[in-house]
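Trainee: One structure, as structure tokens, below. Some questions next.
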Amino acid sequence: MSASPTRDGHEANGHPVGEEHVELDDMGDKKPSLPIEEDLMQLARLGEIAAIHKLFDGGKFDATYADEQGITPLHWAAINNHYALCHFLIQHGANVNAKGGDAIATPVLWAAKRCHYYIVNLLLEHGADPLLTDDQGFNLLHSATLDGNVYQLVLLLHQDIPVDIPDAQAHTALMWAAYKGYPSCVDLFLRWGANVYATDDQGFTALHWALVKGSQGSIQKLIEYGADRFAKNNDGKTPATTAEEMNTTRQWYRALAEAGYNKDGTPKEFPIPGIKDTRWFLSRVIFFWPFMIIFIGVYILSAFPVFISVPVTLAICWCLQWAAQQLLRWAPSNMKSVHHTPFLAGIFAGTLFWVGERWITTVLPWTIRNHFFLNVLFGTLFGLTAYFYFFTMSADPGFVPKSASRSASKSVIDELMEVRRFDENHFCVNCMVRKPLRSKHCKRCERCVAKSDHHCPWVNNCVANNNHRHFVLYVLFMELGILLWVRLILAYLDTRESPKDVECNVLSDDLCKILNTDPFTILVSIWAALQLTWVTMLLCVQLLQVARNLTTYESMRGHLNSHTPAEAVTSFVTTGDTSQEVTGEGSAPMNGFGSGQDTDDAPKRKQPKHSVWDQWKRLLGLDTFVATALQGSQANQRQQRGNPWSRGIITNCKDFWCDSAPVFQRKESGYARLGGERVDYTRLYEVPKMRYQRSGGRYEAVAAEEEGD
């Protein structure tokens, strides 16, 4: 490896420059010396099994044939992804370890260069040696790393290939992944136990090579896994020196800051002594921070004239927000943003707290005599809202259990390879588990979640199979509670006597008197009433999706789960409570990009710029509300496509609301009702074999065996 990856006319991956590593030797300029039906190599490129079988039967060729460069028909079948032909050639005695071509590589190396990992698996099953190298000293793991396809690397690592095996210059796969700028591959190797301290024959560590490329994600991962920030190579150059020479100092400093280090590489010391668990401490500080912001903001607005209070309140709230952001400088890397903390959850909890405080200390004493039942009903709704809110926040949403061992993961991979479903739809490379239907890997929770609805920052947790009903109840009781609170405040203001000698600069005299009756309580109530906007829309969306047996994740993807192996899903990126961060799913990228790369080497789609309104629209769930409304206007199209999970509105609602799991207790993880039957969504891998027919304006399930009628 060197700063310039090209030497001796070859790229650093050991293959010739040009033709995308396919050894065609300017085929277009040469006239075929044989008719196509007798040209074994050309037939192998085209995957013509019948014609090749005829040549073998005629005795003109056999499966062990090789040209003057040592290239065999199996090489061409492998690189062109002809699975059936590869199997045919192997069964007829082809040498799976034959070396050929300019790179003197085996068929499995050719297949790996195009990320044809089903071919790779077939060859390995039939004796291909993954440790054989090409002319550059690269074995199968090195060659696969250069293209950054995580799924291919996961397959190879489960073949017991040593993760730290070096190439001819002592470069490990981790070094190559760092050099190429593949953070996902770097993370995979580190989780697999790759040696972060290993050095090549020049004394470079993986951290040095990551700085050569300048991928901040790769640099940060290496630092988080304990890479030596002061390691010197044979020339005495540290990573900081390499960053200066490669003009990647900005990425170096950012990665250090994200990982909790100063620019000189020394650890940041938390300013409050005695705090050992900064995550625990900061999570609670950030959660309770909005309590103070709401109090200060409401107090200033209620105590001073509007032309003073409004700008002062905005300034103070901004300063408090800024102070909270500064605290996160000492937070773990996945808590550096306020939106990745319980801050938004604290906004609701703070609102709930101050409404409760106003009710107990002010409203209740004034209204208990004349509005006893109204207070009892409000107190009940307030308690239920608080209970289901904290239950949703603290409950296990339905995490998919992780594999108990690597051998268990390998069994899952072998099973998926057999049915050709080893892809992003069916396997999670982060959790190393088979993905059940309707599940999603949550980047915030860092787990796969069964029957995932959405990750809600307002409860700081995923809403999924185990806590979805509790979440809807929380939203429902909050909606009713806010409406009742507004009615109670009106009764309270009728009971209180308005002040007489007050003046307002903006409001009329009547409104001025009402507002000055109890400005703190009224402003808290106005703030609470404003929540009715997003709460009402969220409740409508949730109830509509419950009736359809459709999750927010499925709704925002724009299609109903078909889960075909070759499916390509449109990327729809959103963040916020009812919005989804939807990633493109389908077969693993065959060009090596996407799974592992985040640098300029990969083709990038232009991302639209989002305004502040767009961001708040996502946070408040307006995007989901609009999407659901649009779907409602396209009912005929949806009916034609069909929803494999819907059992009709009545049955769907029964499945959701009449689940045998206790409402006020935690449910057994993963279990729910589907069509009245108990299913485990943490292990549901096949869509129930049902179809639907129209009958009386609704869908009815028809037995699976009748589908062929």
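Even glycines carry a Cβ here, placed using N, Cα and C.
As annotated in TrEMBL:
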type	residues	note
COMPBIAS	7-21	compositional bias 'Basic and acidic residues'
DOMAIN	422-557	domain 'Palmitoyltransferase DHHC'
REGION	1-31	region 'Disordered'
REGION	578-607	region 'Disordered'
REPEAT	69-101	repeat 'ANK'
REPEAT	106-135	repeat 'ANK'
REPEAT	169-201	repeat 'ANK'
REPEAT	202-234	repeat 'ANK'
TRANSMEM	281-300	transmembrane segment
TRANSMEM	343-360	transmembrane segment
TRANSMEM	372-392	transmembrane segment
TRANSMEM	471-493	transmembrane segment
TRANSMEM	526-547	transmembrane segment
Trainee: Excluding the flanking five residues on each side, which residues at least 6 beyond the ends of the transmembrane segment (372-392) place their CB within less than 8 Å of a CB in that stretch?
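Mentor: Hits for the transmembrane segment (372-392): 348-349, 352, 355-356, 359, 364, 456, 459, 461, 463, 467, 470-471, 473-474, 477-478, 480-481, 484-485, 487-488, 491, 664.
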Trainee: Between 0 and 100, where does the mean pLDDT of the repeat 'ANK' (169-201) sit?
Mentor: 96
Trainee: Over the span of the repeat 'ANK' (169-201), count residues by DSSP class, listing helix, strand and coil in order.
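Mentor: Across the repeat 'ANK' (169-201), the residues distribute as 17 helix, 0 strand, 16 coil.
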Trainee: Across the repeat 'ANK' (106-135), what are the DSSP residue counts per state (helix, strand, coil)?
Mentor: 16 helix, 0 strand, 14 coil
Trainee: Pull the DSSP breakdown for the domain 'Palmitoyltransferase DHHC' (422-557) and write it out as helix, strand, coil residue counts.
Mentor: 70 helix, 16 strand, 50 coil
